[in-house]
Amino acid sequence: MKINPQAIPGTVHLVDQDSQIQGKHDSGNKEIVLNPTPSDDPDDPLNWTRPRKYLAMFCMVVYTFGVGIASASIYSVLTPISTQTGLGLATLNQGTGYMFLFLGLGCFFWQPMALQYGKRPVYLISLLATALIIIWSPHTNGNGSWIGGKILQGFFGAPIESLLEVTVSDIWFEHERGRWMNLYALALVTSNYIAPLVAGFIADGQGWEWVIYWSSIWAAVCFVFCFFFMEETNYSRQTISPDDVLNEPSDLNDEISSVEEQNVTILGEKLATPAVVDTENGQSIPINTSTKTFVQKMALFRATPPMDQLWINFKRPISMFRFPVILWSGFIYGVSLVWFNVLNATASMIFTNYYNFTPAQVGLTYISPVIGSFIFSFYAAWASDWFKVKLARRNNGVSEAEHRLWVFLPNAIFAPAGLILWGVGASHYVHWMGPVIAMGMIGGTTALGCSVPCSYTVDSYREMSGHGMVVAIIIRNLLSFAIGYGITPWITNTGVQNTFIAACFISLICTLTFLIFIIWGKASRNSQKEVYWRYVQEALDKHMAH
């Protein structure tokens with residue numbers, strides 16, 4: 001199959017208003033064109049039955065909670081850890097910064113391995129390694145061993161950052177993807193909020209060491225569950241959106257003058273008529289049930305691809321640094337996560353020093369960001385796909401990747417307001433409900449700041465989203481690493497109030513940059529289209545497309 005190099009990546013015909021577009025349509029709403037185009041293989045993840053897709057999403061949530069809880073369980077007990085081990089709060093926060101750094105850098109290794117050998121084995125290795133590595137933390141005897149343990153934890157936990165977004169795009173069509181990307185974002189942030197909540201009670205009852213031990217046990221339980229129920233979603237895809245296929249003469253038809261009128265080439269055959277896929281049941285019509293047994297579905301490794309593909313998978317993320325959309329997505333994702341890290345780094349200090357909370361009480365304050373995350377995620381899950389279809393209808397059926405960015409607008413209001421209430425409110429000893437409400441606002445905007453940039457990257461460059469997400473996560477986690485190093489000296493030198501006043505205005509200015517991409521995002525994608533499609537063509541020719 002030859003790709004049209006003049007097609008703009010991220011610009012697709014999503015709504016077939018005149019019934020003119022050849023290709024597969026949603027049976028529930030026959031106006032909706034299915035992007036990406038599914039194959040006729042029942043084991044294509046796009047064709048999985050609805051229960052099979054739901055199980056895959058549940059496994060995604062289980063994995064996220066397994067690694068996420070282990071990564072965040074100490075946030076509410078930093079003060080007792082510092083008191084009993086002699087490690088300063090600056091060292092503990094630096095360890096968290098190094099963990100975030102390697103949560104990003106580790107993607108350079110795990111993402112190519114997952115695309116080459118399968119996502120399932122990478123997820124399982126990540127869970128098992130996390131369960132084993134964190135056991136070392138209670139036996140730390142110095143700064144070096146603490147930071148070393150956090151580096152290893154970050155490296156093996158890296159798939160939580162960039163692989164799950166690709167799993168979502170493996171399974172769901174573009175008009176469905178937003179809600180499931182928000183499920184991932186919700187699982188990611190709530191795992192980081194629930195962990196400190198529970199950890200406070202464990203620390204009061206059993207000591208802070210058991211916070212770590214129970215996190216390890218939980219990760220091991222998640223490993224067992226995923227071992228028996230998590231399926232592989234890698235699929236060598238030889239289908240593509242009708243908009244992106246190059247017009248070529250066909251044995252069956254004369255050369256067609258418009259891409260929109262051209263039938264989609266699938267596995268070298270020409271579809272004579274539009275096919276229908278039942279997205280309510282998650283399968284094409286007609287389509288056979290899976291031919292794989294349970295043992296085959298749960299296999300750890302598939303046929304080994306050629307080694308030259310592995311090298312391409314390792315070098316391709318470097319090439320993706322040239323795309324402004326991906327760079328901005330990583331930046332805005334990182335800015336959103338920075339405030340989450342600031343909150344975690346200061347929660348124990350603020351509630352202990354200003355309000356005399358016990359570790360258990362500090363943990364209970366994390367109920368607020370959990371609630372905030374649910375509210376913002378449910379809003380985004382509905383609004384993201386609604387905007388996608390609604391704005392496509394207004395645009396003659398054409399969907400632009402930037403259409404989902406409007407969902408990001410609440411962050412420009414609630415993130416700055418939450419930061420002011422958190423820092424300035426605590427400095428003036430407002431009632432403890434003030435900082436607790438601020439936690440909910442910051443927690444909710446963090447969830448939105450996770451899902452929107454990830455969706456934008458995948459919508460813009462879906463065929464290369466596995467590599468694009470690596471770049472976005474690297475940028476995001478470099479910012480997290482920097483704040484882990486800087487937050488304690490920042491507060492020490494400028495005070496809590498001035499720190500968070502500055503954070504408020506930084507957040508507002510950074511968040512409003514989404515308007516730049518609403519205006520000029522398509523022009524940016526258009527300027528890089530030929531380079532991008534060259535990468536995709538290479539992947540198709542080598543049977544590496546996913």
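Heads up, the Cβ atoms here are built off N, Cα and C, so glycines get one too.
Remember, TrEMBL labels are computer predictions, not curated facts.
Positions annotated as region 'Disordered' by TrEMBL: 19-46.
Per TrEMBL, transmembrane segment is recorded for 54-78 (among others).
What TrEMBL records for 98-115 (among others) is transmembrane segment.
The transmembrane segment annotation in TrEMBL covers 122-139 (among others).
Among the features that TrEMBL reports, transmembrane segment is placed at 151-173 (among others). Only residues 6 or more beyond the boundaries of the transmembrane segment (151-173), in the same chain, are considered here, and those with a CB under 8 A from a CB of the stretch are 26, 34-36, 45-46, 48, 53, 56-57, 60, 63-64, 67-68, 70-71, 98-107, 109-111, 114, 119, 122-123, 125-126, 129-130, 133-134, 180-181, 184, 188, 233-235, 279, 454, 457-458, 462, 465-466, 469-470, 472-473, 476-477, 546.
Among the features that TrEMBL reports, transmembrane segment is placed at 180-199 (among others). Long-range contacts of the transmembrane segment (180-199) within its own chain (CB-CB distance under 8 A, at least 6 residues past either end) are made by residues 57, 60-61, 64-65, 67-77, 160, 164-165, 168, 171-172, 208, 211, 215, 340, 344, 347, 359, 362-367, 369-370, 373-374, 377-378, 380-381, 384, 443, 446-448, 450-451, 454-455, 458.
The transmembrane segment feature in TrEMBL is assigned to 211-230 (among others).
Residues 10, 96, 100, 189, 192, 369, 401, 408, 411, 415, 418-419, 422, 439, 442-443, 445-446, 448-450, 452-454, 456-457, 460-461, 468, 471-480, 483-484, 487, 503, 506-507, 510-511, 513-514, 516-517, 521, 524-525 of the same chain lie 6 or more positions beyond the ends of the transmembrane segment (325-343) yet place their CB under 8 Å from a CB of it. Residues or ranges marked as transmembrane segment by TrEMBL: 325-343 (among others).
Through the fold, the transmembrane segment (363-384) approaches residues 76, 178-179, 181-183, 185-186, 189-190, 193-194, 196-201, 203, 343, 347, 351, 357, 404, 406-407, 410, 435-437, 439-448, 451-452, 455 of its own chain, all at least 6 residues removed from its boundaries and within a Cβ separation under 8 Å. Positions annotated as transmembrane segment by TrEMBL: 363-384 (among others).
Per TrEMBL, transmembrane segment is recorded for 405-424 (among others). A Cβ distance under 8 Å defines the sequence-distant neighbours of the transmembrane segment (405-424), meaning residues of its chain 6+ beyond its ends; these are 332, 336, 339, 343, 346, 350, 376, 379-380, 383-384, 387, 391, 430, 434-435, 437-442, 444-445, 448-449, 452, 456, 496-497, 499-501, 503-505, 507-508, 511-512, 514, 517-518, 521.
If you look up TrEMBL, you'll see 436-458 (among others) marked as transmembrane segment. Long-range contacts of the transmembrane segment (436-458) within the same chain, counting only residues at least 6 positions beyond its ends with a Cβ under 8 Å from a Cβ of the stretch, are 165-166, 168-169, 177-178, 181-182, 184-186, 188-189, 193, 325-326, 328-330, 332-333, 335-337, 339-340, 343, 347, 365-366, 368-373, 375-377, 380, 384, 401-402, 404-405, 407-408, 410-411, 414-415, 417-422, 425, 465, 468-469, 472, 514, 517.
What TrEMBL records for 470-488 (among others) is transmembrane segment.
According to TrEMBL, the feature transmembrane segment maps to 500-520 (among others).
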With the greatest number of Cβ pairs under 8 Å to the transmembrane segment (122-139), the stretch among 54-78, 98-115, 211-230, 470-488, 500-520 is 211-230
Counting only residues at least 6 beyond its ends, the same-chain positions whose CB falls under 8 A of a CB in the transmembrane segment (211-230) are 55-56, 58-59, 62-63, 65-67, 69-70, 73-74, 77, 120, 123-124, 127-128, 130-132, 134-135, 137-138, 195, 199, 202-203, 298
Cβ under 8 Å, sequence separation of at least 6 from the ends of the transmembrane segment (54-78): give me the contacting residues as numbers and ranges.
45, 48, 89, 92-93, 99, 103, 123, 126-127, 130-131, 134, 137, 153, 157, 159-160, 164, 167-168, 171, 180, 183-184, 187-188, 191-200, 203, 208, 211-212, 214-216, 218-219, 221-223, 225-226, 229-231, 233, 344-345, 347-349, 359, 362-363, 366
Sequence-distant residues near the transmembrane segment (500-520) by C-beta distance (under 8 Å, 6 or more away from its ends) are 325, 328, 331-332, 335, 339, 342, 402, 405-406, 408-409, 411-412, 415-417, 419-420, 422-424, 452, 456, 494
